Amino acid sequence: MRVFNFSAGPAALPEEVLRQAADEMLDWHGSGMSVMEMSHRGKEFMSIHEAALADLRELLDVPASHRILFLQGGGIAENAIVPMNLLGSRKTADFVVTGSWSQKSFNEAKKYGTPHLAASGKTADGFTRAPARAEWQLSDDPAYVHLCTNETIDGVETFEIPDLGDVPLVADVSSHILSRPMDVAKYGVLFGGAQKNIGMAGVTVVIVREDLLDRALSICPSAFEWKTVAANNSLYNTPPTYAIYIAGLVFQWLKRQGGLEAIEARNIEKAKLLYDTIDASGFYLNKVEPAVRSRMNVPFFLADETRNEDFLAGAKARGLLQLKGHKSVGGMRASIYNAVPLEGVKALVEYMKDFEQRGA
């Protein structure tokens, strides 16, 4: 029996994608091979690779000024790869810290330069807000400004993206990419691990403006130098072929759903249902300012936290899995990515109401 999986990542995949992958496991399109067995330079895999790149460009409306790269190492590796590729002769990059992941990015950048904390969304209740542009204290000549536009752990999503003029804006979009349309032209770099909305763990997507490809530090490994990766069409070293294949299936699924405008409407409906339930309750609490509440990752706390384990056990009995909050913040977290259906959120809300009534 399939359950409703609210994992923050690796996360739920569309059932259509899983079934197609299962059907093609032993024989992809009459090739007699699994995608896992293909040469990454053979015509079979190259057709998968090129289709995935093209479909992602179409879905996000990526302009010709930007290259799409498939790398490895996830978002955490990009915390090092970004400064190694962008600092160049400059030593300073600015960071707007809105949660645990942008804090990790800030800390990692200290190994390669002098990161500057331009603004922080931390409050007495933790990370609960996204500082407005007027609050940012940018340095004089930063190599770039870094944001995490959706904080997976803290549930803070930044929707308003300012124009920074000539300063490249770098965004970690790991946990909301493909959940809504984005104006890619506003960004110098977008990066994200695949294991939330793109597909399975193993491939990292980087979208980088072409004019930023010549800024790498000399210490940057060749396999992580964006210019080298771009020049080799993301095939400089053996890529994560099966992860790219799964991502390609997800891209095709998204197109069948009507693209990002349609998926955004679905995500808004799911998030509203869950937040409305939390806010109407005297038993559940979300601490994030409403204007920046994440549509993808919804943390919430029980009024009586001694009942956390009972809540999780009851949820599991109903087929509602992976609801435990991150260890750094506690409580609960429902990750409601693209592949989580509205029916799953309705089932969760029904259970939350039942659990609250039993404890009243």
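For all residues, glycine too, the Cβ spot is worked out from N, Cα and C.
In the three-state DSSP classification, Arg41 (L-glutamate binding site) falls within coil. Look at Swiss-Prot and you will find Arg41 tagged as L-glutamate binding site.
If you look up Swiss-Prot, you'll see Trp101, Thr152, Asp172, Gln195, Asn237, Thr238 marked as pyridoxal 5'-phosphate binding site. When secondary structure is read from DSSP and collapsed to three states, Thr238 (pyridoxal 5'-phosphate binding site) falls in the coil class.
Cβ-based neighbour count (10 Å, all protein chains) for Lys196 (N6-(pyridoxal phosphate)lysine) stands at 30. Here Swiss-Prot flags Lys196 as N6-(pyridoxal phosphate)lysine, drawing on sequence analysis.
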Rounded Cα separation (Å) that holds between Arg41 (L-glutamate binding site) and Thr152 (pyridoxal 5'-phosphate binding site): 35
C-beta crowding around Arg41 (L-glutamate binding site), within 10 angstroms: 10
Alpha-carbon distance [Lys196 (N6-(pyridoxal phosphate)lysine); Thr238 (pyridoxal 5'-phosphate binding site)] in Å: 23
Lowest local Cβ density (other Cβ within 10 Å) among binding-site residues: Gln195, Asn237: Asn237
DSSP three-state assignment for Asp172 (pyridoxal 5'-phosphate binding site): strand
